[in-house]
Amino acid sequence: MQSAMALSFSQTSFTRPNHVLGSSGSVFSTPRSLRFCGLRREAFGFSTSNQLAIRSNRIQFLSRKSFQVSASASSNGNGAPPKSFDYDLIIIGAGVGGHGAALHAVEKGLKTAIIEGDVVGGTCVNRGCVPSKALLAVSGRMRELQNEHHMKSFGLQVSAAGYDRQGVADHANNLATKIRNNLTNSMKAIGVDILTGFGSVLGPQKVKYGKDNIITAKDIIIATGSVPFVPKGIEVDGKTVITSDHALKLESVPEWIAIVGSGYIGLEFSDVYTALGSEVTFIEALDQLMPGFDPEISKLAQRVLINPRKIDYHTGVFASKITPARDGKPVLIELIDAKTKEPKDTLEVDAALIATGRAPFTNGLGLENVNVVTQRGFIPVDERMRVIDGKGTLVPNLYCIGDANGKLMLAHAASAQGISVVEQVSGRDHVLNHLSIPAACFTHPEISMVGLTEPQAKEKGEKEGFKVSVVKTSFKANTKALAENEGEGIAKMIYRPDNGEILGVHIFGLHAADLIHEASNAIALGTRIQDIKLAVHAHPTLSEVLDELFKAAKVESHATTRTGDAKIKLNTNQEDRKGRRRGGDDEKQPSVSKDLKDISTRPSSFFENISVGVLSLLSLIFV
């Protein structure tokens with residue numbers, strides 16, 4: 001789900017043996033470090049090479065046939081895997097992750113089926129990202145119309161703004177319906193079989209759906225997503241005590257609503273409710289609001305998004321019991337101290353929204369048939385999304401993507417994981433770098449981030465022995481932001497001054513959710529600051545906020561560029577370019593930290609090609 005924080009579970013590391021067939025044919029074990037529900041804390045490399053070295057042995061990834069795994073199969077009486085298959089790939093769950101995997105699978109020539117027990121689109125399309133953005137679009141326009149000072153600064157005069165609740169709700173519902181139909185039609189158009197019914201794993205390479213339908217596939221992907229997490233002691237009636245599923249229907253706009261949890265979900269709904277006239281009270285178990293964000297960004301966001309609005313908050317407390325409104329009585333919330341568990345306060349409000357994160361939807365999937373034991377409900381997987389059984393061994397031909405594995409509970413992360421799995425089953429090794437996946441909170445202004453927070457980066461630097469630097473730029477110095485009268489905001493980058501590696505970027509300001517992708521792509525490609533600061537940005541645009549950010553970074557003079565030369569040669573001849581493609585300069589490149597593995601790329605050439613392409617296009621237009 002795009003706007004859902006992972007549950008606040010402590011991060012736990014597990015080391016499991018991974019049995020792999022070596023080049024000599026012998027089976028050897030190599031430790032595999034696994035982490036569950038570690039939002040933004042997993043750093044996996046991105047490998048496109050045809051060979052992967054493990055210890056002194058080499059595993060060949062030249063084709064699907066040469067990539068073999070020794071794994072324990074189920075012995076629960078389900079028998080051996082079938083010799084022939086109905087499909088190349090079966091996907092259980094037709095959310096954003098399953099949809100992305102299905103489209104990529106057909107592109108790779110795989111006969112594909114997708115099973116859905118509810119409606120196509122999953123949480124994101126029907127009860128998450130899509131309808132919430134529709135509501136936030138309304139809240140953004142309401143805020144602008146209600147801000148008399150802001151409108152006068154443009155020379156505009158606007159009468160009092162109002163809204164029709166049902167009309168707003170219809171806008172969100174209609175958008176969800178449209179996107180759901182688009183997803184369904186896109187799969188039908190390319191020949192994906194959409195099977196209706198609850199799907200479960202019956203055994204190795206075997207799936208059951210509906211009452212008694214059994215089908216087989218070479219590979220199976222579990223993509224069942226998540227549901228709202230409701231702590232014990234909270235009674236949800238769907239009317240006065242609600243989850244995000246209910247809130248998105250906007251059946252009412254209460255005068256006073258308590259929001260339990262101040263992560264992505266809670267923060268976005270506070271934006272909607274306050275714009276529509278509600279008073280909001282946050283209840284947060286930790287000592288500060290917005291605990292999942294970079295601390296500096298959290299403080300600024302609180303100053304802009306919380307303090308000036310009709311919002312108060314209680315931090316360091318649990319809602320131990322919430323009783324819905326009934327018999328003319330309001331919603332009753334009992335608060336206790338998060339540390340001592342002593343009673344703290346009692347609140348009486350019109351409604352309460354439970355925004356305490358999401359829990360994996362993995363019950364009833366038949367995981368016991370392949371000896372898989374969940375971890376807090378999450379299905380354990382390795383860095384290639386391969387499912388791991390209770391003995392720490394890979395389950396053959398079984399993968400899990402998205403919220404169900406807990407690696408990064410975002411819709412686009414699920415889609416990326418699905419595409420990564422399809423690459424693997426098609427014969428090309430692919431490991432997704434989760435630190436390059438951006439996240440965004442669509443408040444007004446927006447918040448976005450990619451990579452590590454400042455505390456996380458400094459902790460990593462201390463452990464691995466490198467220095468961490470921080471640089472910031474302000475939206476108040478950006479021409480486009482000032483033209484929009486939206487100068488409130490900053491961009492912040494955490495990086496290594498010794499080699500120019502970008503460790504994290506955080507943005508708070510106008511269209512932050514759109515701006516973050518330049519930084520996320522830089523991290524994904526391993527682009528160094530000394531390279532990307534030479535890129536040209538159109539003026540005047542908001543993208544110049546990042547342009548100034550990159551230029552403000554101080555990289556040590558001895559740090560080399562990605563091509564191994566501190567002086568970028570823009571006028572390189574064809575032979576020089578061929579030499580670089582052959583990898584002649586690769587040996588000179590500085591090593592990237594082990595959490596962000598290098599891939600062969602030349603950012604300077606990329607920007608040169610883009611510039612040449614743009615100039616060529618312009619010449620065609622104006623000649």
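Glycine is treated like the rest: Cβ placed from N, Cα and C.
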According to Swiss-Prot, Gly261, Ser262, Gly263, Tyr264, Ile265, Gly266, Leu267, Glu268, Glu284 bind NAD(+); which of Gly357, Gly364, Gly366 is also listed for that site?
Gly357
Quick test of reading the record: Swiss-Prot lists a disulfide for Cys129. Which of Cys37, Cys124 is on the other end?
Cys124
Quick one: give me the count of other CB atoms within 10 A of the CB of Val119 (FAD binding site).
17
Cα proximity to His412 (FAD binding site), best match among recorded positions Cys129, Leu267, Glu284:
Cys129
Distance, Glu284 (NAD(+) binding site) to Val119 (FAD binding site) (CA atoms, angstrom):
33
Looking at the binding-site residues Gly122, Gly261, Gly263, which sits with the largest number of other Cβ atoms within 10 Å of its Cβ?
Gly122
Where does Glu116 (FAD binding site) sit by DSSP, helix, strand or coil?
strand
Closest to Leu267 (NAD(+) binding site): which of the recorded positions Lys133, Gly225, His539, going by Cα position?
Lys133
